[in-house]
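What follows is a short report on a single structure.
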Amino acid sequence: MAGGFVSQTPGVRNYNYKLTPKVFVTCFIGAFGGLIFGYDLGISGGVTSMEPFLEEFFPYVHKKMKNAHENEYCRFDSQLLTLFTSSLYVAALISSLFASTITRVFGRKWSMFLGGFTFFIGSAFNGFAQNIAMLLIGRILLGFGVGFANQSVPVYLSEMAPPNLRGAFNNGFQVAIIFGIVVATIINYFTAQMKGNIGWRISLGLACVPAVMIMIGALILPDTPNSLIERGYSEEAKKMLQSIRGTDEVDEEFQDLIDASEESKQVKHPWRNILLPRYRPQLIMTCFIPFFQQLTGINVITFYAPVLFQTLGFGSKASLLSAMVTGIIELLCTFVSVFTVDRFGRRVLFLQGGIQMLISQIAIGAMIGVKFGVAGTGNIGKGDANLIVALICIYVAGFAWSWGPLGWLVPSEISPLEIRSAAQAINVSVNMFFTFLVAQLFLTMLCHMKFGLFFFFAFFVVIMTIFIYLMLPETKNVPIEEMNRVWKAHWFWGRFIPDEAVNMGAAEMQQKSV
């Protein structure tokens with residue numbers, strides 16, 4: 001049964017709404033867009049640890065892996081092998097820039113559909129790959145799909161959700177990502193035990209399943225009121241707003257959306273306007289939050305967990321099982337964020353998660369350093385290995401309820417409509433660029449930096465935690481179109497926000513600045 005609520009955030013407008021089954025179902029289906037990203041994150045690391053796959057495409061790496069005298073830190077060091085993983089993220093970076101225009105002109109749902117379609121084609125290339133070229137073409141097509149989905153889904157969820165529950169609904173995207181990772185690691189665990197080349201082909205080919213899910217979901221989903229208004233369908237937008245809010249009393253919120261849309265239409269160059277001083281907070285946050293998210297080091301665990309565990313002395317089967325355990329831990333802990341982000345706020349989760357990740361990373365680096373040293377020739381006992389897995393789980397848990405979901409939520413909720421598509425494109429592009437760098441360089445960095453690599457990421461966790469403490473105001477329960485009030489009240493960002501920006505639209509502000 002729907003329940004009635006009124007947002008009660010001081011200094012911003014309060015809207016009436018009810019929690020209806022439709023908004024739950026809509027956001028649940030919309031979050032499917034995270035499945036394709038998560039499945040790929042989870043599948044690639046497991047596949048690159050499978051011997052038949054390495055024998056087929058990377059025989060040099062396979063030979064090093066079998067060499068008992070090889071430095072443990074350098075066993076998997078290969079730029080070609082990492083290119084298999086990282087090429088996807090270059091494609092995602094490029095496609096996210098085009099996706100911003102498609103999302104704005106044709107609506108969020110069609111951008112999601114296109115993402116699912118290209119991901120489906122890419123999965124076919126990978127599943128039937130006969131050479132490196134087919135693998136890389138498939139990865140690039142997968143990347144186009146990820147870029148479109150990551151650009152549109154967070155915006156879709158933020159626009160459909162009630163303001164007071166925007167964090168919980170938007171975090172559904174991260175839940176879908178982690179669910180995709182867990183499913184992928186389970187599949188890898190069983191396909192790795194198959195003889196011949198059939199195992200890795202099944203793992204890569206099954207990426208078509210989440211692709212079909214997002215395509216079907218996009219076809220049955222309604223578009224957001226914001227997008228409908230933006231494309232001139234005001235009557236349909238009001239009906240949709242009444243439907244997802246569970247009440248006919250939406251005039252105030254609807255008028256705010258109309259005003260925001262009219263103002264945004266006067267802004268002809270969102271990419272140029274986001275560089276203006278009054279949008280400096282949004283520009284900095286949409287650049288630095290995804291940058292810091294990748295410098296937590298999480299994708300070292302996500303991409304290469306099986307490889308990392310084999311480096312630490314685990315067998316192939318035990319490595320995949322350990323990766324599965326960390327994935328399940330991450331999924332369960334992501335729900336902590338879903339149920340607390342709109343109660344305790346974004347800042348509390350960011351700060352607590354940062355401290356937890358810092359402590360566990362330092363402990364992991366210290367243990368690996370003691371056991372393997374700089375030469376990388378030591379051995380690790382079962383008890384110590386299990387302790388490292390436990391520390392990795394603690395680290396993953398801290399990320400799962402902080403930088404994981406909030407790294408997507410905060411950039412998607414802070415930008416006004418006139419720069420929203422450009423801001424989200426920047427967010428995805430920065431995220432994909434540094435995901436590519438981490439994926440491409442990690443195995444080489446592990447080979448050269450040894451256990452110091454974990455201290456390297458710990459250093460950035462310190463920097464990003466300080467950054468959040470000083471620079472990010474609390475945004476919970478604040479309607480997206482009222483976000484300027486939050487920036488204006490901030491000790492640093494307030495200087496960039498004109499006084500009239502709190503009560504004046506973007507078009508009027510632009511006229512004043514000319």
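Backbone N, Cα and C atoms are what each Cβ position is placed from, and that goes for glycine too.
Because TrEMBL annotations are produced automatically, they should be read as predictions rather than curated entries.
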Between the candidate ranges 118-135, 136-153, where does TrEMBL place the transmembrane segment annotation?
136-153
Quick one: do the transmembrane segment (80-98) and the transmembrane segment (353-374) reach 3+ CB pairs under 8 Å, ignoring pairs fewer than 6 apart in sequence?
no
Assess whether the transmembrane segment (202-221) lies in contact with the transmembrane segment (320-341), where contact requires at least three Cβ pairs under 8 Å among residues 6 or more apart in sequence.
no
So which residues does the transmembrane segment (173-190) touch in its own chain, when a touch means Cβ under 8 Å and the partner is 6 or more beyond its ends?
31-43, 46-47, 50, 153-154, 157, 202-203, 206, 210, 302, 305-306, 317, 320-321, 323-324, 327-328, 330-331, 334-335, 337-338, 400, 404-405, 408-409
Segment-segment contact (the transmembrane segment (453-472); the transmembrane segment (353-374)) at 3 or more Cβ pairs under 8 Å
yes
Tell me, what is the mean pLDDT of the domain 'Major facilitator superfamily (MFS) profile' (26-476)?
85
Intrachain residues whose Cβ lies under 8 Å of the transmembrane segment (424-446), provided they are six or more past its termini:
73-74, 76-79, 81-83, 85-86, 89-90, 92-93, 96-97, 99-100, 103, 143, 146-147, 150-151, 154-155, 274, 283, 286-287, 289-291, 293-295, 297, 299-300, 303-304, 307, 311, 407-408, 411-412, 415, 453, 456
Which residues, given as numbers and ranges, are at least 6 beyond the ends of the transmembrane segment (353-374) yet have a Cβ under 8 Å from it?
72-73, 296-297, 312, 380, 384, 387-388, 391-392, 394-395, 397-399, 401-403, 450-455, 457-458, 461-462, 464-465, 468
Could you give the residue numbers and ranges of same-chain residues that sit at least 6 residues beyond the transmembrane segment (320-341) on either side and whose C-beta is under 8 angstroms from one of its C-beta atoms?
42, 45-46, 49, 167-168, 171-172, 174-175, 178-179, 181-182, 184-186, 188-189, 192, 301, 305-306, 309, 314, 349, 389, 392-393, 396-397, 399-402, 404-406, 409, 476
